Each structure stands twice: as structure tokens, then as C-alpha cells.
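Here the structure is laid out as C-alpha cells; the discussion comes afterwards.
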């Protein structure tokens with residue numbers, strides 16, 4: 001048993017160090033014995049963290065470089081600005097001396113208020129304030145967590161600039177973790193656009209300027225050959241989900257290099273808030289191989305490597321070392337989510353590691369799953385099956401081809417036709433026009449399955465007129481490309497055209513909700529990647545849905561974790577889509593919504609997790625045995641709760 005009395009520990013150890021460092025003229029100081037310890041939240045010392053270092057100052061003096069004189073031998077004439085004597089030697093010591101960064105951590109008093117994992121602020125009870133030496137460190141009032149949430153929401157709404165709201169949320173997360181998640185869960189519809197799209201895009205662009213302290217691991221080319229060692233530097237050892245980016249294609253904003261860290265941080269916040277995965281089990285990672293963004297390379301506040309992007313073998317070796325180190329350090333069941341990699345790397349990484357690791361690409365697979373779900377719900381309004389509709393995409397990158405492939409898989413499953421045949425109902429337009437067979441030799445490998453027999457078509461409007469689609473999907477990252485002529489053409493071909501403008505952030509959306517409804521004379525079934533306000537047209541209010549990946553990936557990840565899945569299978573993505581579509585009630589459809597409100601997202605995530613886990617057991621990919629009888633209840637019971645704990 002190890003215990004610390006507040007009076008004996010603070011008075012004898014801390015003040016003893018201070019007194020031992022106090023100097024008088026022409027006199028050396030004898031260093032007192034120092035106890036350096038770390039105490040866990042229950043008052044017991046952490047493993048391997050308790051040691052007694054006697055005469056530490058004497059050892060430092062003996063081991064100091066010969067070129068510099070000892071700190072404690074300096075004479076008292078050293079002063080700081082303003083003529084105040086530097087009695088502790090701290091200011092002069094840091095100028096030209098090597099020092100040891102001592103830390104004394106206890107689960108009480110001032111350090112407790114600075115620990116985001118355990119801090120409760122004004123919610124500490126009277127009993128807890130006495131037990132943990134908080135008297136005088138807090139105002140006398142005791143308030144509930146609910147009142148704290150109300151106050152924080154009031155404060156955040158005072159900011160008119162979205163980036164200021166984002167920074168306020170990040171400050172709260174660094175100060176009081178449970179309050180951050182409680183606030184986000186209770187106000188998810190208002191705060192989701194703040195902590196993620198569209199505001200996170202601006203945060204990434206300005207990440208160097210707003211960076212305060214690390215929230216994840218930065219692994220650069222400098223760490224090549226030492227990545228396993230770097231992973232061990234992370235304080236949490238039981239990691240279940242890693243979101244990793246190399247920053248090359250952040251949303252629709254392009255190459256933001258090391259500043260893409262905002263994406264993994266934001267995604268994992270949603271994993272915890274919406275999917276109930278413990279924050280301590282989440283690890284954000286940025287792989288920094290440089291950037292080709294000239295503006296960032298010249299920015300004095302840029303926080304990443306100042307070099308052009310590494311490619312080829314150098315890039316592949318770094319990623320392979322990272323993937324191997326993750327598996328070695330955290331095991332086979334840790335979920336690795338690839339995020340915002342450029343097309344030429346995203347598909348290759350997913351194909352390369354899909355058979356050896358538990359990997360998931362949200363841009364390819366998550367987007368596909370959420371869009372397929374929206375289409376399943378929309379069919380309840382327009383009628384027919386997927387196979388009876390024709391799909392036209394603007395954009396043939398990760399998102400576009402990923403969505404197209406999952407639609408084709410669901411068609412094949414429903415109609416029992418070969419996948420190649422199902423693909424013929426889906427057409428894609430890229431920057432060079434309609435993807436057709438005559439372009440086969442010049443196409444990237446992931447576009448080739450979508451090259452059908454047809455005359456070349458140069459632009460989207462002509463493609464709409466030629467293909468006559470019932471569904472138009474934008475994943476181009478190019479704003480305002482669904483022009484008035486394009487929307488009117490869709491409306492002339494269909495009584496209820498389905499138009500999905502999926503590109504993020506809002507500035508890159510192919511069209512706005514207002515444009516879609518007005519140009520289609522109120523007949524469009526519309527959803528977007530970024531949120532839009534309700535639109536009034538001819539006396540009727542239209543509320544558009546948001547095809548946000550946050551509907552899918554938190555519950556999907558939870559399903560993989562609770563089943564102990566070792567691989568991701570396409571059938572799991574289809575199961576997630578079906579589960580989400582089933583949450584869209586007739587009431588929502590009557591209001592034009594093809595996605596349910598985010599207010600119910602935790603329950604929705606539990607439903608998705610249960611279906612994904614059930615599919616993992618069915619496919620023989622689950623390792624947590626035996627299978628729970630009620631997977632929905634089990635998923636809910638495994639979810640992280642942000643409510644405060646009571647302390648002894």
C-alpha cells in the first residue's frame with residue numbers, strides 16, 4: 001500500500017525541492033532526497049512509476065557537460081528582469097544549462113483540475129473537494145454536468161465565426177473530456193458541423209496557426225525505421241481504432257500535408273460521441289511525407305516537413321512499416337481507417353492490406369454505404385428497385401467509384417445477376433467527359449469497370465440528355481457543377497429526380513439545396529454532403545437530408561469491435577446500409593428526408609453495429625465468442641458514457 005498525505009508530501013517533498021534549490025551567496029547547496037512518483041486515479045501508484053531518487057541534484061552536477069558550469073554553483077547575483085532576485089535558479093538555468101524535466105503527478109489538488117480525463121470542474125462535490133484537496137482551488141458553488149452543458153452551449157453560440165466555435169470545442173476537449181462528449185452528444189445536430197464538416201476543412205487549412213498541443217501521433221519520414229518506437233510513445237496501450245491520413249486530399253481542399261491532422265481528430269471524436277467507442281481506445285495519426293502545396297511550404301506557421309511529397313518506394317516503405325508496427329503493437333483486431341488519401345494511393349492501400357489487416361476506407365466504403373442507404377430510402381418515394389433505375393455520377397474518384405461499386409453489389413444481390421451486368425446501369429463522368437469503352441487505354445485501373453459502350457460525351461449536361469438518368473450523384477469536389485440547365489434537364493426526364501450533391505465542404509457542393517428545389521420546381525429529392533438550411537418554395541418548406549458518413553462509420557466500427565472482427569467484408573457494408581435505411585420512417589419521408597435526424601444517432605449506431613456484428617459472425621470473421629443473444633442490447637451496453645464518475 002502506498003499513500004501520500006497532503007501535508008507531509010507537499011510540505012516535505014515539493015517545498016523541500018524548492019528550499020534545496022535556494023542559494024545564498026558563495027554557498028553550495030546540498031540536494032535533499034526527492035520522491036518522484038505517479039499516482040493513478042484511485043490513489044495507488046501506477047505501474048513502474050514509483051522511484052526514489054536520492055541526491056538527484058548531486059548526480060546532475062556530476063554528469064553536466066564540462067563546458068557549462070553547474071546551475072546550483074551560480075552565484076546569487078544572477079537576477080531576472082525588473083531586479084527581482086532569481087532565488088530558485090530557474091530562469092538562469094534554462095538559458096544555457098541542461099535540465100531534467102521533473103514531474104510530480106498526484107490524483108489530487110491542482111493537477112487533478114488540469115487532467116482532462118478526470119477533471120469535472122465545478123461539478124466536483126463537497127465530499128470530493130475535501131477528499132482530493134480541492135478546497136480553495138474552485139469557487140464554492142457546485143453545479144451539475146447538465147448545467148455545465150447548458151452553460152458551454154450558451155458560450156459557444158456567442159461565437160459568430162465557425163472556426164471560433166471549433167477552437168472553443170477543442171479547448172473544452174483538452175480541458176474536460178467527459179464534458180466535451182456530453183455536450184456533443186446532447187447537441188449533435190448543432191455541433192456536428194462545428195467539430196466536423198464543413199468547419200473542420202477550414203480548421204485544417206489553418207491548423208498551423210491554431211495548433212496548441214498534440215491530439216494524436218505525427219509520424220514523418222524522420223521516424224522511418226523507428227515507427228514501432230514512436231507508437232509506444234503514445235500513452236494509451238489498448239487501442240481499438242486508428243484513423244490515419246497522409247493529408248494529400250483533405251475533403252475537397254486538396255493537399256494540406258501535416259495539417260490534415262484535423263480530420264483524424266474529428267473522425268475519432270465522432271467515433272466516441274456517436275459510436276460509443278472509448279476515447280482512450282482511439283488514436284489519430286498523420287503520416288507526414290511532405291506536401292506539394294507551395295503556399296504551405298512558404299507558410300512560417302506550417303507544422304509539417306518542408307519538402308515535396310515522397311512517392312514511390314520511399315512512400316510505400318514508410319506506410320508498410322507503419323502497418324506492420326500497428327499490428328505488432330496493438331494486435332490484429334485494431335481497426336485502421338484510411339482517411340483522405342489521394343486516389344492513386346487509397347485504392348492500392350485498401351487492396352494491399354485488406355487481406356492482412358482490419359482496414360476500412362471511409363472515403364471509398366463509408367461514403368458508398370451511406371449513399372446506398374439514402375437511395376434505398378428514396379426508392380420508397382419514387383418506386384421501383386435499384387436495378388430499375390439509371391445512375392449518373394459526376395466524379396470518378398474514390399467516392400464516386402466506391403459508391404458505384406456498392407450500388408452494383410446490392411443490385412447483383414437483389415436480382416441475382418452478375419456484378420458486371422449490374423454495373424451497366426451506372427455511368428460516370430470525369431474531367432474528360434463520359435467514361436466510355438473507347439477511352440479504356442487511358443483510364444486509371446479503378447475507372448475501367450465503368451467504361452461502357454457509348455459515343456464519347458464531353459460534358460455533364462450532354463451526358464444527362466444522352467443517358468437519361470433517374471439519379472444524379474455528385475462526388476467531384478467541384479462546386480456549382482450541377483447548373484440550372486443540368487437540374488432542369490433532370491426534372492424534365494423524371495417526375496421526382498433524385499439529386500445528391502455530396503462534395504464537401506459547403507463551398508464545393510455541386511449545388512445548394514435552394515438551387516435543387518427551385519430549379520426542379522420543388523420536385524427533387526435532394527441530399528448533400530454538407531448541411532443546408534431548410535428551403536421555402538411556393539409556400540412549402542423543404543428539409544434536405546445530409547449524406548454524412550457519420551451515419552455509418554461510428555456504428556460500423558462499433559460492430560467490428562464488439563464482434564472482434566479480423567477483416568472487413570463488402571457484405572458488412574451492405575448490412576450497414578440496410579440498417580440505416582430501415583431507420584427512415586414514413587414521417588421523415590413525407591418531409592422529403594431520406595436520412596433520419598442525427599438526434600437519434602446513438603440508437604442508430606447501435607442498430608448498425610448489431611447488423612455488422614451479425615454479418616461478421618455469419619461470415620466466420622468474428623472472434624468474440626460466443627455470439628451475444630441480443631446484439632443491439634449488447635452494442636448499447638458497450639457504448640462509452642460521458643457522464644461523470646463519482647470519486648472516492
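Backbone N, Cα and C atoms are what each Cβ position is placed from, and that goes for glycine too.
Look at TrEMBL and you will find 196 tagged as active site, proton donor. Here residue 196 (active site, proton donor) comes close to 266, 267, 269, 270, 550: these same-chain residues lie at least six apart in sequence, with C-beta atoms under 8 angstroms from its C-beta.
TrEMBL lists 267 with the feature active site, proton acceptor.
Per TrEMBL, the feature (S)-malate binding site maps to 249, 504, 548. Annotation for residue 249 ((S)-malate binding site): same-chain Cβ neighbours under 8 Å, separated by at least 6 residues, are 255, 340, 341, 342, 343.
Sequence annotations record features per position, and here TrEMBL assigns divalent metal cation binding site to 339, 340, 363.
Across the residues of the domain 'Malic enzyme N-terminal' (173-354), the predicted structure has a mean pLDDT of 96. Per TrEMBL, domain 'Malic enzyme N-terminal' is recorded for 173-354.
Summarising the annotation, TrEMBL assigns domain 'Malic enzyme NAD-binding' to 364-617.
Marked as region 'Disordered' by TrEMBL: 61-84.
Largest Cα to Cα distance within the recorded (S)-malate binders 249, 504, 548: about 18 Å as a whole number.
Least packed by the Cβ count within 10 Å, out of the binding-site residues 339, 363, is 363. The record gives 339, 340, 363 for divalent metal cation. Within 8 Å of the mean position of their Cβ atoms, the other Cβ atoms in that chain belong to 245, 249, 250, 263, 338, 341, 346, 361, 362, 398.
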